[in-house]
Amino acid sequence: MMPDFSAGYGLLAVVVIVSLLAGSGADAQLWPEFYATSCPKLQGVVRSVMAQAVRRDPRMGASILRLFFHDCFVNGCDASVLLDDTPTMAGEKNSGGNANSLLGYEVIDAIKARVEATCRSTVSCADILALAARDAVNLLGGPAWTVPLGRRDARWASMAAANANLPPASAGIDDLVARFAAKGLSLRDLTALSGAHTVGAAKCSKFRRHVYNDSNVDPAFAMFRRRICPAAGGDARLAPLDSTSPNRFDVSYYRDLMARRGLLHSDQELFNNGPADELVRLYGANGNAFDRDFAAAMVKMGGISPLTGGAGEIRINCRKSN
């Protein structure tokens, strides 16, 4: 029987239990009870640190979720995104899509320190990141789900792989579909996972061309965002991806898309007379459908090419290999 994650997750959160036996797509070597004996307090520790981090700054929830996405899309969910560069390795942190952009490393460090104090050399950084991403979503009002566990950590990272695999904000729908399909993710998964942009923010440099040049943008919205993002300069200025409820994990992102108020070109591509339009309409009208599909897609994404068994290692410090 699957464990009940509803305890301690808040009455306002919709709890979605995703059964691995129902074809979730997660790697068969991963299972929720992996640490049941070796580190039984693991999930409580992760939850506690994440609750403190999100309470201190709700935007940190979006940052941790983004870390997980960017980890899984580059050589699988192996915590390679957490590795610092070395004299012999140019890692993922300074790739084009991550440099001066990814946040939350210190939160993962804090969780790892607490876990190591409880269960020495037992829990991977990859599994900690997967659990932290789930808790980030739930703490912001989104669903919870059962996280399959048993990943191990990569010993190396690749800037070139990050540059090649992370979808850019300028991506069109065909490019997005192809990139997700290459990871074993469907159009439905793509559309649901993009709903993560209901929280977080983007830099002016990532949305400038969309609000200045694209024709599928509400004119009033474009004008509003141009006040934050000038035609030249101000590249680091931030705007919320979801202007309606930027710190709440809900379906307003999809409603924004239907009103042509997507902040990024890649966001608005999901609702632009294309293959994802009907899914956007579904999620915008049905929060339960979104919660269900998002949770299922997160489990599926979390099963992308994990290191298991004797592969990889269990890092003591998430920033460097042992």
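The backbone N, Cα and C atoms fix where each Cβ goes, glycine too.
Here Cys318 is paired by TrEMBL through a disulfide bond, and of Cys77, Cys119, Cys125 its partner is Cys125. Checking the candidates Cys72, Cys77, Cys119 against TrEMBL, the cysteine paired with Cys39 through a disulfide bond is Cys119. For Cys77, the disulfide partner recorded in TrEMBL among Cys72, Cys204 is Cys72. Asp250 (Ca(2+) 2 binding site) and His197 (heme b binding site) have their C-alpha atoms 10 Å apart, to the nearest angstrom.
Note on the binding-site residues Ser80, Thr198: the fewest other CB atoms within 10 A surround the CB of Ser80.
In terms of Cα distance, the recorded positions that sit within 10 Å of Gly76 (Ca(2+) 1 binding site) are His70, chosen from Arg66, His70, His197, Thr198.
It is Gly76 that, of the binding-site residues Gly76, Pro167, has its Cβ surrounded by the most other Cβ atoms within 10 Å. Taking the C-alpha atom of Thr198 (Ca(2+) 2 binding site) as reference, the shortest distance to any of the recorded positions Arg66, His70, Asp71, Val74, Pro167 belongs to Arg66.
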